[in-house]
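For reference, the structure discussed in these notes is given below.
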Amino acid sequence: MTTPNKGNKALKVKREPGENGTSLTDEELVTMSVRELNQHLRGLSKEEIVQLKQRRRTLKNRGYAASCRVKRVTQKEELEKQKAELQQEVEKLASENASMKLELDALRSKYEALQTFARTVARSPVAPARGPLAAGLGPLVPGKVAATSVITIVKSKTDARS
């Protein structure tokens, strides 16, 4: 029975004496079914059977460990990718939130200005209408004048920003 070179990480071909002088490579030992292995083990000594089964178990465990490492690395990469995407989304939402807060503050200021204006218009007496259109207008109602003036102010401030 020969043993593989321990210095090399790659699996070396290991030959085991088998039935009718046949030998098994590590790959064959790992890939064969239990039934095939048992057929191959017939006629070998108890010690050889134990060594061969131990070798098979060691090789299979090595394979499982390798696939586990690959799976762990893949999962880690996927989680890091998801983390980056979520961080980008958080930054985007924080930016939108800040923008909406600014917009809300601007709207509050406009609202307060409109309320102040409406109060001043409601307190001040309305001057009678003059000019050529005055006859067709009739008496001016303070609420309507104030609403028209307020709308004009809002539109002119909005247009000035654009």
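Here the Cβ of each residue, glycine as well, is placed from N, Cα and C on the backbone.
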Region 'Leucine-zipper' range according to Swiss-Prot, out of 79-93, 94-108: 79-93
Neighbour count (Cβ, 10 Å) for Ser124 (phosphoserine): 10
Secondary structure tally of the domain 'bZIP' (51-114) (DSSP, helix then strand then coil): 64 helix, 0 strand, 0 coil
Other C-beta atoms that fall within 10 angstroms of the C-beta of Lys71 (N6-acetyllysine): 10
